[in-house]
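Structure record follows, encoded as structure tokens.
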């Protein structure tokens, strides 16, 4: 069964590659702005579902334009589509930390995480897609990808920061690493110097809880095989 990772994150691509899985990559663009007072679980569940819908729509556009026929992996069926979203969550359990929009936003996040423990949450959704015929008029049909099954998991990891000084924050921002990362830091990069300890999955903090994601893929693959056998 073919796997498509719908993510522009190089960190998620690298992690999934470590499992020696063959997969195709597509990028999706959605509005990731949290709703007012939206709780962390509600936010990341909404994000991975929205990314899956956007990816399915993109695949159908490619199929209609015959672009998909240039890629063998998009011709097999069914497909497992993986979407993921990572956020930081402050000790209040309510405040969502996404990618900082600017220096001031990053400083505000870091000041709240300094010398304390926050959580990193990652939601992963596995969506099973299958080709079906859609009637375009009374006589004609066209193939479309349809969502036939989906499952989500959420992994949480506790991360404790040392006390941060203004100079540390300034130097880190100027280095360019924080801008595209939830919570404004990368534990796999220079941000590791701020982490005194973690409790839970390290790869979850990087952006994809690898062991849990592989278990999810296996579960979805087995389910799809059973469905095909029953059919």
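Cβ atoms are placed via backbone N, Cα and C, with glycine included.
Going by Swiss-Prot, these are the annotated features:
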type: SITE; residues: 11; note: site 'Important for substrate specificity'
type: ACT_SITE; residues: 85; note: active site, proton acceptor
type: SITE; residues: 86; note: site 'Important for substrate specificity'
type: SITE; residues: 188; note: site 'Important for substrate specificity'
Using a 10 Å radius around its CB, how many other CB atoms surround the residue listed as 'active site, proton acceptor'?
26
Using a 10 Å radius around each Cβ and all protein chains in view, which of these recorded sites has the most neighbours: 86, 188?
86
Nearest of the recorded positions (11, 85, 86) to residue 188 (site 'Important for substrate specificity') - Cα to Cα:
11
Based on DSSP, name the secondary structure state of residue 85 (active site, proton acceptor): helix, strand or coil.
strand
Rounded to the nearest Å, what's the C-alpha distance separating residue 85 (active site, proton acceptor) and residue 11 (site 'Important for substrate specificity')? Just drop the number here, would you?
12
Are there any residues at least 6 positions away along the chain from residue 11 (site 'Important for substrate specificity') with a Cβ closer than 8 Å to its Cβ? List them or say none.
186, 188, 206, 207, 208
For residue 188 (site 'Important for substrate specificity'): DSSP state (helix, strand, coil):
coil
